[in-house]
Amino acid sequence: MSDYKFTLNLPETEFPMRGNLANREPEMLERWTKDGLYQQIRDSRIGRTPFILHDGPPYANGSIHIGHSVNKILKDIIVKSKTMSGFDAPYVPGWDCHGLPIELKVEQKVGKPGQKITAAEFREECRKYAAEQVNGQREDFIRLGVLGDWQNPYLTMDFSTEANIVRSLSKVIESGHLHKGVKPVHWCTDCGSALAEAEVEYEDKTSPAIDVAFVAADSKAVAAKFGVSDYSHPVSMVIWTTTPWTLPANRALSLSPELDYSLVEFEKDGVTQALILAEVLVESCLTRYNVESHTVLGTTKGAALELVCFNHPFLDFDVPAILGDHVTTDAGTGIVHTAPGHGQDDFVVGQKYGLEVANPVGDNGVYKPDTKYFAGQHVFKANDNVVALLREKGALLNHVAYRHSYPHCWRHKTPIIFRATPQWFISMDNHGLRTQALKEIEQTQWIPDWGQSRIEKMVENRPDWCISRQRTWGVPITLFVNRETEELHPDSVSLMERVANRIEQQGIQAWWDLDAAELLGDEADQYRKVTDTLDVWYDSGSTFSSVVAARPEFHGHGVDLYLEGSDQHRGWFMSSLMISTAMNGKAPYKQVLTHGFTVDGKGRKMSKSIGNVIAPQTVTNKLGADILRLWVAATDYSGEMTVSDEILNRSADAYRRIRNTARFLLANLNGFDPAKDLVAVEDMVALDRWVVRRAAALQQEIIEAYDQYNFHIVTQKLMQFCSVELGSFYLDIIKDRQYTAKQEGHARRSCQSALFHIAEAMVRWIAPVLSFTADEVWQLLPGERDAYVFTQEWYQGLKSVTLATDLSDDYWQQLLAVRNEVNKVIEQARRDKRIGGSLEAEVTLFADATLTEQLTHIGDELRFVLLTSEAKVLPLADATTEAVETELASLKLVVASSTAEKCERCWHHREEVGSIEAHPTLCTRCVTNIEGDGEVRQFA
């Protein structure tokens, strides 16, 4: 055999079987950076139609987690696939750099501004800290194989971006959407600042739930409303609340106008009294109050009780009964304690009735000095004292501990309060912003489509947006207000542009350094500078304008796609929609795609305390970024994305299958020069034509899946092709022809041409997902080519070949099915020790007329398809008793061990082995391939 071994075309490639990704990927990254790969891609798409995916900026604080990786990898897959489709798809990563979390980190290091350090110095420290965080995160993102303008990202703290944020606010003002008001806002007493909706998390909390009686100022008159004359006992209206600390700010009792309310009399502790309760809640309430028997004196609608007055339980004034749509009978008494300074619904209904917006609570959550009974106490600690006072006054009907969902600060994880403070708001309704935003939502494509109804509900129900914060590190609200009237300066828009010009040169510190007289001249004494900063959600929400509209690589095209986690409907998607609609009357995006959160194998959130956190850095250092990228692509991101070590190891197994396929292709293209060896598709062996046609059809399916952002479909189709049509069928069949046919002969070159087309197509299919591996394959493909696959478009060499009808796709699928049945029977014969390998087998196929015609069409080449030394086709009716039934009703099989001699070169057992004297151990086919013109293959 040693003499003939060198006549075989054995596969050879530098592409290693083991990826060794953790070590090789960083080397590739160095080359990408050195070669300026991102700029090469940009240069290759000059003048093409833009596709703009705008990066939602992660916060510049801490290391990236697996959720960040999912987000960036999904974006990278889209950008690369759009580039492959011929678009000019720049990717400019960004970071959110202002705000409280950075302030808190810097405070730990240098103290609060105004203590050991000035506010200006504090801002500079914040800027330095954010820059350090950006650098750390940037390296981690680059390690994932994400291509972008990493050396020139956008930062919300860039002077130019800070200036453009101010300019965007001036447009919002110009459009009439900004107003100042005293309204209850989410307030964190630990932050000492208002919070945005997106900065609020809901966690379970135990609160005191109390039922409180408000005695009527005129009980006889109130009883008369229920048809009871000359009533002589006290009548009380009862509220239920879980925030006793808000009772000092109570200014009304809210009822539902259409709800039925009952006047219920009972005796307790020797005292007869009557309570007003929602009719449907009477039984549950009296059970809470341990009332065993009662009498319903009368019933009336809530509307009949409007403006009836009741005594505040411990303060010296009366409060009216008012009507509100927010009152329900889900819990409590059907009557709502109303404190306009401590609740959004309370505020809205209070405005209708002109109620005082009382706020006895300071920034730190402590009652102000003039608060009767509770001055100087923290509101949450005062709850017990409020309850004790109510008990003392005889107003407490019930008190229990109540577990419920309650808003918490996203940063401190502590309960927050609603608190009325003077703030700046973007109005939802004064100039039709809500209505227009809802129209724009309809014009946007939401992926998955449930995103539309989700954000619609949020926009329908959201309050005005409080955009002001009382912080140090943030973009200032650069306004001058009249000291007496609190009105904006009439030239606010032009003044803001002048301030923006200064910020563009000096950063936000320019505002605090500014002497009002520099801009206002003699008017300076009449106005004061606003010291509030913008909500950081305004910073990121305005980047469609402050960044995309400002950077030249976006060509003024506008944004095609926003892509973030599903929590961003109330976050970045919402803030961007509000600002863009306020500025321009339209949404800032055409498509919005959301992905689910990452959870562990048991569906639990990642948590350090549980110990189920999977850090992307650990994955890339152990398995490589391509494994992480494959997991992201293969997971349906529309729901929760499950990840664990076991799941990642399965991804590694799937990766190996793709890698092994690529290695087979490259190894068998050794010595192939497409410039001179490529066989035209129409001249190929039929099986080669078929596989090229399958690849062409698959490419269309893969491109469509990429276009629809269905990356799990891409990976499914790719794995199916590698495993079934290639691995189990085509590649298995062509090994014999590839290794044993004449090196330069048509049979082998036809096969290599098909492999070349598949490799050229496949390297592009995998490039958006398995970027490192695609680059590795690309460098080893034969033929003249550009330096990188990432500058290419989808492969154009796959012609959709029209096969003869007898060799249609269905025909080859039928042969694949037959081959699978033959393999089963051969495998059983192997287990029974009747044969060794499949080439020791002779197979007899008993087939019906239709199948017989199909099988005999390719003549003697059927044995190559079946990987047997001999294949005979006989009528199904002639099947012997030993014939094995198959899952195909039209086919029975007999497998026998060949009695013919084994060819030393191709290992086929053939009767003609030894018939040629010069090569006594070879079959005639091998002799032809060694010394003659090479065998002729027509079909397989």
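Using the three backbone atoms N, Cα and C, a Cβ is placed for every residue, glycine included.
Model, not experiment: these values are computed from the prediction.
These come from Swiss-Prot:
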- 58-68: motif ''HIGH' region' (MOTIF)
- GLU564: L-isoleucyl-5'-AMP binding site (BINDING)
- 605-609: motif ''KMSKS' region' (MOTIF)
- LYS608: ATP binding site (BINDING)
- CYS903, CYS906, CYS923, CYS926: Zn(2+) binding site (BINDING)
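Features per Swiss-Prot, on structure.
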| residue | record | Cβ contacts under 8 Å, 6 or more apart |
| --- | --- | --- |
| GLU564 | L-isoleucyl-5'-AMP binding site | GLY56, ASN71, GLY571, TRP572, PHE573, THR594, HIS595 |
| LYS608 | ATP binding site | none |
| CYS903 | Zn(2+) binding site | HIS909, ARG910, VAL913, THR921, LEU922, CYS923, ARG925, CYS926 |
| CYS906 | Zn(2+) binding site | ASP736, THR740, CYS923, ARG925, CYS926 |
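Counting every protein chain shown, the Cβ of CYS923 (Zn(2+) binding site) has 28 other Cβ atoms within 10 Å. Reduced to three states, the DSSP call for CYS926 (Zn(2+) binding site) is helix. For the motif ''KMSKS' region' (605-609), residue counts in helix, strand and coil come to 0 helix, 1 strand, 4 coil, using DSSP. Packing around CYS926 (Zn(2+) binding site) is summarised by its Cβ count: 26 other Cβ atoms lie within 10 angstroms of its Cβ, all protein chains included. Apart from CYS903, CYS906, CYS923, CYS926, the residues listed for Zn(2+), the same chain places the Cβ atoms of THR740, GLU904, ARG905, TRP907, HIS908, ARG910, VAL913, LEU922, THR924, ARG925, VAL927 within 8 Å of the centroid of those Cβ atoms. Counting residues per DSSP class in helix, strand and coil order gives 3 helix, 1 strand, 7 coil for the motif ''HIGH' region' (58-68). Note on the motif ''HIGH' region' (58-68): mean pLDDT across this stretch is 93.
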